[in-house]
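Here is what Swiss-Prot says about this protein:
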- 9-23: motif 'LIR 1' (MOTIF)
- 23-37: motif 'LIR 2' (MOTIF)
- 49-325: region 'Catalytic region' (REGION)
- His176: active site (ACT_SITE)
- Asp197: active site (ACT_SITE)
- 211-217: region 'Alpha-3 helix' (REGION)
- Cys258: active site (ACT_SITE)
- 326-431: region 'Membrane targeting region' (REGION)
- 429-443: motif 'LIR 3' (MOTIF)
Amino acid sequence: MKGKLTGKDKLIVDEFEELGEQESDIDEFDLLEGDEKLPGDSELDKTTSIYPPETSWEVNKGMNSSRLHKLYSLFFDKSSAFYLGDDVSVLEDKPLTGAYGFQSKKNDQQIFLFRPDSDYVAGYHVDAKSDAGWVNDKLDRRLSEISEFCSKATQPATFILPFVEMPTDITKGVQHQVLLTISYDPKSKQLTPTVYDSIGRDTYSESLSSYFKGKYRTTCDEILTQSIEKAIKSTDFTLGKFTRAAYNHQNRLTEGNCGSYTFRTIKEVISSSAQGTEVKIPGSGYITSNSYLTSQHVQDIESCIKYRNLGVVDIESALTEGKTLPVQLSEFIVALEDYGKLRSQQSEKSMLNFIGYSKTAKLTAVELLIGILNDIKGKNEISESQYDKLVKEVDCLMDSSLGKLVQFHLKNLGAESLQKLVLPCVKFDDTIDDFVTIEKDELFDVPDITGEELASKKGIEQGALDKEALLKQKQIKTDLLDLREEDKTGLKKPLHGGIKVK
């Protein structure tokens, strides 16, 4: 999708053009869908706002404020690499609008994490002749509220606020997700701002690119400093040095994962503040994709965005009560529905059918599983025939990206397989309806059995044949012949084991 980017667009692409890249390349980045209004906005209805599964999303496809807020649910998930429960507890009161409050378990540090908001935007002018830029009214208001809170605070505090910075002339760059933190020391009455940025600054490539493109500014540091100074103007606070802690990640022009790096850094800042240690992030200029945002981090992020169906009210309870949000069966159903909807819109890739399953096969299997899960959710019994059909579709359901979706939910629902998830709800038939029909002539066609034949079959000598056993065999034949005679009168007797005689 091509179009002009504005401060209201929700795209968070994480790169300024490298040396040699043309400004028009910005159009290659797709705009993401608009955000829902988040808590703290009067328009929000917490009871109905939902962040649904996005089963086709990947970590490099970009972040928006809705996705970032959804990821906050991982902070008190004990199975997540982003778990904060060992470092902080939640504050019962909510002294700051739009922020979650935490108390360090190891010192008196208080930490306030603001919810992501699409209106937290700052713009910078790239040329030296213009003023520094602008800060969105809502972001400016949050800075004033932080200043007001600190005027009454007696404990050290750290404020964490994700925001988007962008050039006022969008042809000179792109929107970029960064993280603003402000540390407050009540003894010295000093506020110290820091911006964490996933684009390496002060590198040779960055400086050379800015020089040739005539960029006097490439960040919002100057306008943010001015805004913070304005917020504390009527106080006796001092402002510490504004610092931008920048680090690199790989393939910045093609990876839209600055939002994922921001989320990773939120966790790092909270844990470090709670422990009273320095925030440890990679240095500027280093390629750090796999060492900082590890494969486990990426998996947790993608699984949350792709497979979970979470409401704003759920995330609020997790962050205000410090509890894990268990995966529900209903989330499994919604994720499958999203997968089915997207898969039905895709064209058939026949070249892959030799090694995988066709589009039709996947959709059929998904529809079957959705129906079964809905029955389980409604506490209805699953028929034996439904179960048999599911067993036949298991391999298809566990294939490729669909298999990852299914495996995620099975693991979180505590089931080793689809069969074990469904089996407790299956009602098996108590009676056998399908009889085996045998012709009566075949039933009574009993060959003569001689001692010699039995002996030869057994591989024993004729003299060792048990005469009593031979007599029993003959008696059986006699009894069967008697039954045959009775049948001539028209009497038909069913035999044991569900076998009946014609």
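Just so you know, glycine gets a Cβ as well, placed from its N, Cα and C.
Feature map: Swiss-Prot annotations on the structure.
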{"residue": "His176", "record": "active site", "DSSP class": "strand"}
{"residue": "Asp197", "record": "active site", "DSSP class": "strand"}
{"residue": "Cys258", "record": "active site", "DSSP class": "helix"}
Model confidence over the region 'Membrane targeting region' (326-431), averaged pLDDT: 92
Helix-strand-coil residue split for the region 'Membrane targeting region' (326-431), DSSP-based: 74 helix, 4 strand, 28 coil
Integer Cα-Cα distance in angstrom, Asp197 (active site) to Cys258 (active site): 8
Cβ-Cβ neighbours of Cys258 (active site) (radius 10 Å): 26
Number of other Cβ atoms within 10 Å of the Cβ of Asp197 (active site) across all protein chains: 26
Other CB atoms within 10 A, centred on His176 (active site): 26
